[in-house]
Amino acid sequence: MSTTPIITPTANSAELAYYEYLSRMWWDNKTSVASLHRMNAIRIPWVVETLIKLGIAKNEFVNTDQPLQDLLILDAGCGGGFVTEALAPYGCTVVGLDICSEILEVAKAHAALDPSLTKNITYVLQCIEEHAEKNPEKYDAVIAFEVLAHLNEPELFLESCVKCLKPDKPIFVATFNRTIASFFLSIVFAEYIWGFIPRGTHNWFRFSYPNEIQEILEKNKCKVQEIRGQLYNFLSKTWHWSGIQALKFSMYAIKKK
Ligand SMILES: C[S@@+](CC[C@H](N)C(=O)[O-])C[C@H]1O[C@@H](n2cnc3c(N)ncnc32)[C@H](O)[C@@H]1O
């Protein structure tokens, strides 16, 4: 069932239609969405360890099994909730925000399968621009994973994400690099030769250079602390960190006071 889409400068209607279609298979491990889910194996520990390392996680909880207690985290462009759900068991409250209502319904239904998760998760159907207006400097961390390549005006999206952040807190961003290698690996190979991602998932022109994202963040009073590359092993079907940023990169930056 299709509902009225949220019209916002950052929304790309073709991408939203695609995510509406993908929502039906989001949590099915046998489908193409699985390669996104597999990123959790490295990206969730990275976020948790970084929050501990930066002293954002509160001292009294660091050595417990819920080290992120009392933190409020925004998962911007949360999709069906891979990141939101994976962070909630660490004790933080996670707000999953997306503008695709179908995908949020899937996210809510999946989270409801585990009642221990639901108290820590809120899903919000709203564009980031409006969310930022209503929730300035509210969050202890903002995550924008794999969303920049699926919207219009990534600069406005990131600016709004930063607005939601408290000073001295981190924003985490991950997206595809705009290189010849990413064109061949993520589009020609993954979509057309191997075929494990549906054709049309990626638009190479929406990929970003790490320095472009760094510039946007620094224009918005953030200081980039780390940029790391990410590669996929097509045989073992696992993601791993790498010094090579040619396919994908992840970075985090701290908002200055
Ligand atoms: C590839 S999914 C990423 C899901 C999730 N962040 C992850 O990494 O598992 C991209 C998501 O971005 C959402 N999206 C696209 N444009 C958006 C916008 N302007 N504001 C919020 N979400 C948006 C789509 O609806 C989709 O759910």
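The backbone N, Cα and C atoms fix where each Cβ goes, glycine too.
Since we're looking at a predicted model, the values are computed, not measured.
Secondary structure at Asp98 (S-adenosyl-L-methionine binding site), as computed by DSSP, is strand. If you look up TrEMBL, you'll see Arg43, Gly77, Asp98, Phe145 marked as S-adenosyl-L-methionine binding site.
The domain 'Methyltransferase type 11' annotation in TrEMBL covers 74-168. Note on the domain 'Methyltransferase type 11' (74-168): mean pLDDT across this stretch is 97.
Feature annotation from TrEMBL assigns Mg(2+) binding site to Glu146, His150. Neighbour count (other Cβ atoms within 10 Å of the Cβ, all protein chains): 19 for Glu146 (Mg(2+) binding site). Glu146 (Mg(2+) binding site) falls within neither a helix nor a strand when secondary structure is assigned with DSSP, and so counts as coil.
With respect to ligand 1, the binding-site residues Arg43, Asp98, His150 contribute Asp98, His150 as residues with a C-beta closer than 6 angstroms to one of its atoms, given in sequence order. In the structure as shown, the Cβ atom of Gly77 (S-adenosyl-L-methionine binding site) sits within 10 Å of 24 other Cβ atoms. Take the CB of Phe145 (S-adenosyl-L-methionine binding site) and look out to 10 A: across all protein chains shown you find 22 other CB atoms. Among the binding-site residues Arg43, Gly77, Asp98, the residue whose Cα lies closest in space to that of His150 (Mg(2+) binding site) is Gly77.
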